[in-house]
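Here is what TrEMBL records for this protein:
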type     : residues : note
TRANSMEM : 100-125  : transmembrane segment
TRANSMEM : 152-173  : transmembrane segment
TRANSMEM : 193-213  : transmembrane segment
DOMAIN   : 200-325  : domain 'Fatty acid hydroxylase'
REGION   : 361-381  : region 'Disordered'
Amino acid sequence: MDVVLELADTFLFDRLWANLLPINPAVANFDPISTITAGFKGFDYNATYNAASSAALAGDASLARSAWSFQPSSEWFSVQPSEFAWMSRWDRDNVWRQMLTLYVITWFFGAAIYFLCATLSYLFVFDKTTFNHPKYLKNQIRMEIAQTQRSIPIMAVLTVPFFLLEVRGHGYMYDDALAPGFTHPMLSLFGSWYNWIQFPLFIMFTDCGIYWIHRGLHSKMLYKRLHKPHHKWIMPTPFASHAFHPLDGYAQSVPYHLFPFLFPLQKFAYIALFTFIQIWTVMIHDGEYVANSPVINGAACHTMHHLYFNYNYGQFTTLWDRLGGSYRQPNPELFEKEKKMSEVEWSRQSQEMEKMVVEVEGRDERTYGTEEPLLGSKKVQ
C-alpha cells in the first residue's frame, strides 16, 4: 500500500496537506506529532523547528521546510515528489496524515473500482433477461448501489488500520525476494521462486479463511444481524458484488489483510491481487456461467448460493465446500443459454428457493418486480 500512498501523495495529497497544514515558524516551534515521528526515524527532533526558524531569520517564512527525507517506496518504481512534500507540518511519515489519506484512498478508489467493474460487467456481460426472473426485485440495481454506498465508507474505516500498519512497516511486504529487509522461513526456503509461489498461496489461504467466515455468517446468531442484507439479492447483478452490511463485507475481507502479516507478499503483487479480488467479486455476481468446473467456484456456484443459501460458501475454489459438506453442483441447465433463462428452470428455482427462505429467514420480506431502465437498458420481453 506504500506504493499507492506515494503516488497519491505526489499527485494530490502533498499539495492538499501543504495548504491545510502549512509549515511556518509559529507552528514549527512545537508540533508533537512531527516530533514523535522524527524521533522514531532517528532524526534530530528539533530539525523541523531549526529549518523553520532559519527561514524566518532570513526574512522569508514561506521558505520553511519540513525535515522529512524522501525514501522511495520501491526500488523498481518511484515518482520524485514536488516541493509541496516539504511544505506541510504533517510530513508524509506523520501517522495521522497517513491514516486520513489512506481512508480517503480506500473509500474513493474502493467506490471507483466498484463502479467501473460493475458497470462494465453490466454493459457487456450481464444478461438483461434476468430482469424477468420471478425472484428479481423491484428497482434492485438501485438498491444494490445504495447498499454499497452506505457500506463502503464504514468498511474503509475498519480497513485502514491494516493499511496503516503495512505502510509503517509492520508486515512482510517486500520489493526483492532476495533482499526483503526481513527474515521469513518461506523466503529462506524458496528464495526467488517465492515470487511465483505467493500467488497460489494467497488464493489458498484466503479461500480457506473466507469459507469459514462466510459459513459462520450463516449461523443463526449472525445471519439476520449481518449477512441477510447481501442475501436480499436472489438473482444478483454485478452491482450486488459489494452490497453488504459493512461488518459483513469487512469480516470477509479480513483474510486478505491478514495474509501480508503472516506471509511475505511482493508490493506490486499485492496491488495486482487486490485488483483481481475486486474484479473476481464482480464476476461471481454477473450471472455469466462460463466456468463449469468442479474446482472453480465461479458465478454458477455463487448463484446456487444466492438461490439456496446454505451451499457454496467458498470464494475461489470448491475445495472447502467439498471438505465441509456444503458443495452443491450447479444445475446443468445454467450452462445452456436457452434453458437457463427458461420459465421451466425459473419456476423450479423459485419453488425450491421459497422453501429455503422459510427455513433460513422465517418469511420472505422481499418485494419482487421488474427493473426500471438504468444505463440505457430496456426491460427484456
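The backbone N, Cα and C atoms fix where each Cβ goes, glycine too.
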With DSSP helix as H/G/I and strand as E/B, how many residues of the domain 'Fatty acid hydroxylase' (200-325) fall in helix, strand and coil?
84 helix, 4 strand, 38 coil
Outside the transmembrane segment (193-213), six or more residues from its ends: residues with CB under 8 Å to it:
177, 186-187, 251-252, 254-256, 258-259, 262-266, 269, 273, 313-317, 319-321, 324
Near the transmembrane segment (152-173), which same-chain residues lie under 8 Å Cβ to Cβ, leaving out any that are not at least 6 residues past its ends?
1-2, 5, 95, 98-99, 102-103, 106-107, 110-111, 114, 180, 182, 184, 242, 244, 246-247, 249-250, 253, 257, 260-267, 270
Considering every residue in the domain 'Fatty acid hydroxylase' (200-325), what is the mean pLDDT value?
94
